[in-house]
Amino acid sequence: MKKFALFSNPGSLNARRFLIYAVVYISVGIGLSMLGPLLPFLADQVSISLGQMGFAFTAQNLGYLIGSLSGGWLFDRVRTHRLMTLFLLVMILTGFLIPLMPWFSALLIVLFFFGLGVGAVDVGTNLNMVWIFQSGVGSYLNALHFIFGVGAFFTPLIITTVLGWTGGNLSWAIWALMLLFIPGLLGLVSSPSPENLAAANTASPEKVHHVGIILLLILAIFFAVGVQIGFSGWIFSYVSESGIADIATASQITALFWASLSLGRLIAIPISKKVAPGTIVLFNFSLLTLVVILLLIWPTRPVMMWIGSAGVGLATSVLFPTLLSYAKTLVNMTGRVTGLLYLGSSLGMMVLPLSLGQAFDRFGGFAMILVVFGASLMGLGIIILLRFQRASIKTAE
């Protein structure tokens, strides 16, 4: 029986590059997950309420949005490893400054530039993977995003451990995380940047930049990421505030979501070697819609909360990386196009969680599930439309 392996030659340049990007992507996982556990400590640092610290997320997410867009544009013009090294340095330097900011306004500025670096490094890592592995990128992206989850999982554990060792010294807790960014930085410096072979081999670049397909991909990513972030952010409140279960059980249901998401990414690594990305995306959006329909039918049954949380986590686990892989089969993945796809991701992270919160606050938990259902159904419809659009373009060509 033939064993599954990501690389036939573990010592190859591509294998070394993947290892470097994996280490770099741990930094991205840390960068996007560390603000939550740090929130109460940073609120004390700048002497404001925890509620006001919500603007910290806005500042970092705005920086991430601009970083992903500008980074995507720059990666078409400058060697990717040089730029990623620069933006990773921005992350390290601003990260070291976070515990030193005595004023809230100064902290917001630092978090903005930290988010800028995270956004650019995130886009650069995924773009390099697409350029290197081309149409076979699916399993590698799923492996990469699983590693992202590892970084995000260990971040709060590292923070609490270092705080315990240092008697509650916030500076050392944050600086310990920043030190973990250095191996990725050294790896980028010591490795040559890949090139976009698809662009180099394309006689007519305009032919592979179908505006309609790019817009549909942006919308699909918007709904995929928005549902994932929104559901994970509000399922705890839905379960606990609706009286479905107590706080401890709500925490366990939320943890089950993340466990299912990680499991889904792990399972998808070998599957994506055998199954086309378009098929995986269609199946996962269909599964997501089915799970949310079950939640609408039994919105207050505790057992459905467990099934729903696991189902949504599993269904959304590989949507984003697989959509990037699917995009590679539809358009020429330049830095600019990748930045635009990340625009959909960034907007989804900001808009849909806010919409779910407004629906929950004004109309109750059932309305929140309705919004999730609408977003899931829209995503499924867009994928079906994409497949028809692709077929019509192939016929025209």
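Cβ from N, Cα, C; glycine included.
TrEMBL: automatically predicted annotations, no manual curation.
The domain 'Major facilitator superfamily (MFS) profile' annotation in TrEMBL covers 17-391.
Taken from TrEMBL, the feature transmembrane segment applies to 20-43 (among others).
Sequence-distant neighbours of the transmembrane segment (55-75) (same chain, 6+ residues past either end, Cβ-Cβ under 8 Å): 32, 35, 39, 42, 83, 87, 107-109, 111-124, 127, 335-340, 342-343, 345-347, 349-350. According to TrEMBL, the feature transmembrane segment maps to 55-75 (among others).
Residues 24, 27, 31, 38, 42, 45-46, 67, 71, 74-75, 107, 110-111, 113-114, 116-118, 120-121, 124-125, 170-171, 173-175, 177-178, 181-182, 184-185, 188-189, 193 of the same chain sit 6 or more residues outside the transmembrane segment (82-101) yet have a Cβ under 8 Å from a Cβ within it. Sequence annotations record features per position, and here TrEMBL assigns transmembrane segment to 82-101 (among others).
As annotated by TrEMBL, transmembrane segment applies to 107-131 (among others). Same-chain residues lying 6 or more positions outside the transmembrane segment (107-131) and placing a CB less than 8 Å from one of its CB atoms are 17-18, 21, 24-25, 27-28, 31-32, 35, 42, 45-46, 55-56, 59-72, 74-75, 80, 83-84, 87-91, 94-95, 97-98, 101, 137, 140-141, 144, 193-198, 321, 324-325, 328, 333, 335, 338-339, 342, 346.
Within the same chain, residues 6, 18, 21-22, 25-30, 32-34, 36-38, 125-126, 129, 172-174, 176-177, 258, 261-262, 265-266, 269, 318, 320-321 sit at least 6 positions outside the transmembrane segment (143-166) and bring their C-beta atoms closer than 8 Å to a C-beta of that stretch. What TrEMBL records for 143-166 (among others) is transmembrane segment.
What TrEMBL records for 172-190 (among others) is transmembrane segment. Remote same-chain partners of the transmembrane segment (172-190), defined as residues 6 or more beyond its termini with a Cβ less than 8 Å from a stretch Cβ, comprise 19-20, 23-24, 26-27, 30, 34, 38, 41, 81, 84-85, 88-89, 91-92, 95-96, 98-99, 155, 158-159, 162-163, 165-166.
Residues or ranges marked as transmembrane segment by TrEMBL: 211-235 (among others). Same-chain neighbours of the transmembrane segment (211-235): 250, 253-254, 257-258, 261, 281, 285, 288, 305, 309, 312-313, 316, 319-320, 323, 326-327, 330-331, 337, 340-341, 343-345, 347-349, 351-353, 355-357, 360, 368, 371-372, 375-376, 378-379, 382-383, 385-386, 389-390, 393, counting only residues six or more beyond its ends whose CB sits under 8 Å from a CB of the stretch.
As annotated by TrEMBL, transmembrane segment applies to 247-268 (among others). Tertiary proximity for the transmembrane segment (247-268) is limited to same-chain residues at least six positions away from its ends with a CB under 8 Å from its CB atoms, namely 139, 142-143, 145-146, 149, 153, 228, 231-232, 235-237, 239-240, 280, 302, 305-306, 309-318, 321-322.
Through the fold, the transmembrane segment (280-298) approaches residues 138, 220, 224, 227, 268, 271-272, 304, 307-308, 311-312, 314-319, 322-323, 326, 366, 369-370, 372-373, 376-377, 379-380, 383-384, 387 of its own chain, all at least 6 residues removed from its boundaries and within a Cβ separation under 8 Å. Taken from TrEMBL, the feature transmembrane segment applies to 280-298 (among others).
Per TrEMBL, transmembrane segment is recorded for 304-327 (among others).
The annotation transmembrane segment is assigned in TrEMBL to 339-360 (among others). Sequence-distant neighbours of the transmembrane segment (339-360) (same chain, 6+ residues past either end, Cβ-Cβ under 8 Å): 61, 64-65, 68-73, 75, 119, 122-123, 214, 217-227, 229-231, 233-234, 237-238, 241, 320, 323-324, 327, 367-368, 370-372, 375.
The transmembrane segment annotation in TrEMBL covers 366-386 (among others).
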Positions whose Cβ lies under 8 angstroms from the transmembrane segment (20-43), at least six residues beyond its ends = 49-50, 52-53, 56-57, 60, 64, 84, 88, 91, 95, 98, 107, 111, 114-115, 117-118, 121-122, 125, 128-129, 143-145, 147-152, 154-156, 159-160, 170, 173-174, 177, 180-181, 183-184, 187-188, 191
